[in-house]
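Features of the protein shown, as given by TrEMBL:
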REGION    26-45  region 'Disordered'
COMPBIAS  32-45  compositional bias 'Low complexity'
COMPBIAS  54-73  compositional bias 'Basic and acidic residues'
REGION    54-79  region 'Disordered'
TRANSMEM  104-125  transmembrane segment
TRANSMEM  145-165  transmembrane segment
TRANSMEM  177-198  transmembrane segment
TRANSMEM  204-222  transmembrane segment
TRANSMEM  291-309  transmembrane segment
TRANSMEM  339-363  transmembrane segment
TRANSMEM  410-430  transmembrane segment
ACT_SITE  423  active site
TRANSMEM  436-456  transmembrane segment
TRANSMEM  468-487  transmembrane segment
């Protein structure tokens, strides 16, 4: 132990010590300076001695406490009962959902990264770099001006719808003529791009993009016409002695506003209204970060498609014509990369792109999706997966059917029918294959809705429906449709040559 010559640092004096010191110093000052100095030294020595004694007492108490702690540590005797109450194992069926599985979740992430890293390295060592632009943009797509012309002509249809509404506002058109004109405009908006794609042998991706834009424009036009029709009806109700059924937060005034239409056509929503919740400003740094994420995840999605999905489907047979076990093996092998692409597509479009567009337009309502991954039934998944389409379906298909006396089950079936038709248009038309694979796949969701709802009613709070959704929708359904369309497209190209 080293000895230091530096003076010992003492804690500040207590109130009692300070009072005693002041009293002795006061008495010393009355007796003279020398006595005062002696008195001060005596006071200091007394204080130090007392502090030392107090310190010794405290140290003694600390030693006693340490001894007690040591004794308490070893009071668990051999006769102490080890089992005192009824408890379940953490992974038992009754307790598994009450436990935190954060550590297992982290383990799954680590294993997933490790396994997929090995597969990527193995794929690159075995096949090399397979990414090419031929599948995405064919040699004819750059000079395929009819598709570009069709895409650029889509804004004509909202302009025509606006002119119709303007004439109605001026009482130049009757309600029946207005409905017929809107039906003509919306039908033409769909048929014109479909005819252009069918007549032009364009790249698949170019046709898919054009059909997606077409479907979005059609849905917006229907919402624009239907909403204005309803607003006109509400504006006429007070004249009939009726009270409009509206809340204080709803604007039921009928107004034909061109700026509102333009904003609606570019906003990330499919439901028309005169005004939307708006944010105060644009966060440009936030936009830049999301754009970087969009580029990264889009590149990752293209890498998986070119390096994994294309080789798998090229080395496969038609799932309905070949060996059954071989078809099952191809579907299961394709399911994992297809799932990655599907999740990347969801993240890129619904989270990144729609939020970027909303930020640039100061669009406030950014509930583009909910926690669909926790859906316990297929019906719940369709309510949570795509909120813009879900809100459109509820507003313009489901509740109008109910108001016209159509039963709830039939209204749901009609909503699925509309969804199936547009899924078929977006896939079959660009592929030039009309075998209704996408239509059948969407309509097959209807019996799955009934099955998963029955399971949820029988097993309350069960995740069986969630597992059925993941298995049928992602593991079996999407890979099967991909193989069917790929081989039908290849057969069409071979027959065309």
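Placement of Cβ uses the backbone N, Cα and C atoms for every residue, glycine included.
Keep in mind that TrEMBL annotations are predicted by a computer and have not been checked by a curator.
Keep in mind that this is a model prediction, so the values were computed, not measured.
Under 8 Å, Cβ to Cβ, and six or more positions away along its own chain, residue 423 (active site) finds 438, 439, 441, 442. If you look at the transmembrane segment (339-363), the same-chain residues 6 or more away from its ends with a CB under 8 A from one of its CBs are 263, 266-269, 276-283, 286-287, 290-291, 293-294, 297-298, 300-301, 304-305, 309, 369, 386, 474-475, 478. For the transmembrane segment (204-222), same-chain residues at least 6 beyond its ends with a Cβ under 8 Å from one of its own Cβ atoms are 135-137, 141, 144, 147, 150-151, 154, 157-158, 161, 182, 185-186, 189-190, 193-194, 196-197, 264-265, 270, 272, 389, 392, 396, 422, 425-427, 429-431, 489.
Counting Cβ pairs under 8 Å to the transmembrane segment (177-198), the top-ranked stretch among 145-165, 291-309, 410-430 is 145-165.
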